[in-house]
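Taking it in order: structure first as C-alpha cells, then the write-up.
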Amino acid sequence: SVGFKAGVKEYKLTYYTPEYQTKDTDILAAFRVTPQPGVPPEEAGAAVRAESSTGTWTTVWTDGLTSLDRYKGRCYHXEAVLGEEDQYIAYVAYPLDLFEEGSVTNMFTSIVGNVFGFKALRALRLEDLRIPNAYIKTFQGPPHGIQVERDKLNKYGRPLLGCTIKPKLGLSAKNYGRAVYECLRGGLDFTKDDENVNSQPFMRWRDRFLFCAEAIYKAQAETGEIKGHYLNATAGTCEEMIKRAVFARELGVPIVMHDYLTGGFTANTSLAHYCRDNGLLLHIHRAMHAVIDRQKNHGMHFRVLAKALRLSGGDHIHAGTVVGKLEGERDITLGFVDLLRDDFIEKDRSRGIYFTQDWVSLPGVXPVASGGIHVWHMPALTEIFGDDXRXQFGGGTLGHPWGNAPGAVANRVALEACVKARNEGRDLAVEGNEIIREASKWSPELAAACEVWKEIRFNFKAVDTLDPS
C-alpha cells in the first residue's frame, strides 16, 4: 500500500549503501566505530550516519515531505581495524546541502553533535574529514597565512622563535612586560601569553597589553628586528574579545592570540575576520584539545581539529613537538602539520591521513612546537618542522641560569647554527648534538644552557598511535 508506515526500522536498510559513488561535493568522514557486543558494524555505522544527518529512531510521517535520498548521510564502506577485534573504520558521505556555508560550528554540530552518546556504540572517534572544494570556498580561512606573515615581519629562511612567559599566573603587568622585553632583546621573535592568562585580579588585560607593547617597541629599537607578543584576547564574551583585539590594533602590535577550543569556533571565526580586516596576525592555542583527541578509540583526532582551525582561521596553531613533554607521535604529527601548511595533501594511511585534501589556495597555518623543549632539541625540531614553523621555548628560555635574555641568546644561536648546518648539507638527525656543541664553544650563553639541560628527557610511550598496516 502507498503511504506512511509507522514503526522502528533498521538503520542499515536506509543508511548503509556500499554501492554509493561519492561526489566531489560530499563531505567525507572516517569514523573509528566500536559497537556494543552483538551490534553488526554495518548497523553501527549506519546509525552514526542517520543521527548525524536526516535520521531519528523511528519512521516519522514528515519523512514524506522531503527527499531523504538527497539529504541523508550514507555509510558507503566499513573495514575492520587490524589488531583490534571489535573496531571498524566506517566511511561516511554527507551531502553538502546539510551544512551552513562558512560555519565550522554547524559542520561539527551536524557531524559529531549528538551521535557520540549513542547506546549502540561503546566508543566512537572521528579520525578524519575530507572537506570538498565547494565548501572550503565559503570560508575566509587564516587571516594572513605563512608567506604574508614572513613579509610583515621581514624574517625569512628559518623557523621563528618564541617563549611563553612564566610563571604563567601571578606576575604583575609591569614585571610581565619586563620579562617580555628581556626575551625579545635577547633574540627571540615573539613572546607569548599563556593560554589561561586572560584578565585576572593580579593582572588586568589592559595593563598587560600596555606594558607588553612598551617592551616590544623598546626591543625593536635596540635590535632593529620586528618583534611581537601574542596578546591573549580570549574573553568571556565575543564582544569583550573583539574589544581587546581593537585595543591591540590601536597599540600597533602585530599579533593577538585566541584559545580556539575553549573560546569556541564562532568566536574564533569572528576574531579571524577582524584580524584579516585590520592587519593583525592571529596565534591559536589548542587548550582543551587532549580532552577531545587523546584517547585512541573515542573523541576526535587532532587532525580534524587542525582542519577545522584552518577553515575557521588562525595564522599559528600549537601542534605538538614530537620530542618534548606533550603527546605527539612523529608520523601522525607530520601528517597534520602538512594538512595545516600545504595546499594539497595525498591520502597516506601511514601518517594517519585518510583522504586526499585539496585546500584550493586557502592560506596555510604555521605549526607551533611548544612544551618541554630546550636547546638540545633544536636540531630535531629544525629537521622535523622545517622553516615554516614556530618553536616556543618557555622554560627553555626563562630557565637559563643567567636569566631571560641569555636564555633567548642561547636559543637563537642554537637555531642559527642548525639552519646553517642544514643549508651546508649536514644531517641534523645524525649530527645534531655535535652541531650544538660546536656552536656552544663560541657562545657562553649556549654553553650554559647545554649544561643545565643535558640530562632532561621525556621518554613516555604515546597514547595515540597509528594502526598496524
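Cβ coordinates come from backbone N, Cα and C, glycine included.
What Swiss-Prot records for Asn114, Thr164, Lys168, Arg286, His318, Ser370 is substrate binding site, and it gives sequence analysis as the kind of evidence. The Cβ neighbour count for Lys168 (substrate binding site), using a 10 Å radius over every protein chain in view, is 14. DSSP assigns Lys168 (substrate binding site) to coil in the three-state reduction, placing it in neither a helix nor a strand.
The feature active site, proton acceptor is assigned by Swiss-Prot to Lys166 (among others). Sequence-distant contacts (6 or more apart, same chain, Cβ under 8 Å) of Lys166 (active site, proton acceptor) comprise Asp194, Gly394, Gly395, Leu398.
In the shown protein chains, 29 other C-beta atoms lie within 10 A of the C-beta of Lys192 (N6-carboxylysine). Per Swiss-Prot, N6-carboxylysine is recorded for Lys192.
Cβ neighbours within 10 Å of His285 (active site, proton acceptor), excluding its own Cβ and spanning all shown chains: 28. Secondary structure at His285 (active site, proton acceptor), taken from DSSP and collapsed to helix, strand or coil, is strand. Annotated active site, proton acceptor per Swiss-Prot: His285 (among others), in sequence order.
As annotated by Swiss-Prot, site 'Transition state stabilizer' applies to Lys325, with the evidence given as sequence analysis.
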In the chain carrying Arg286 (substrate binding site), residues 6 or more apart in sequence that have Cβ under 8 angstroms from it: Asp259, Tyr260, Leu261, Phe302, Leu305, Leu309, Ile317, His318, Ala319
C-alpha spacing of Ser370 (substrate binding site) relative to His285 (active site, proton acceptor), in angstrom: 10
Sparsest Cβ surroundings (other CB atoms within 10 Å) among the binding-site residues Asn114, Thr164: Asn114
Least surrounded among the binding-site residues, given as His318, Ser370, when other CB atoms within 10 Å are counted: His318
Euclidean distance between Cα atoms of Lys192 (N6-carboxylysine) and Lys168 (substrate binding site), Å: 10
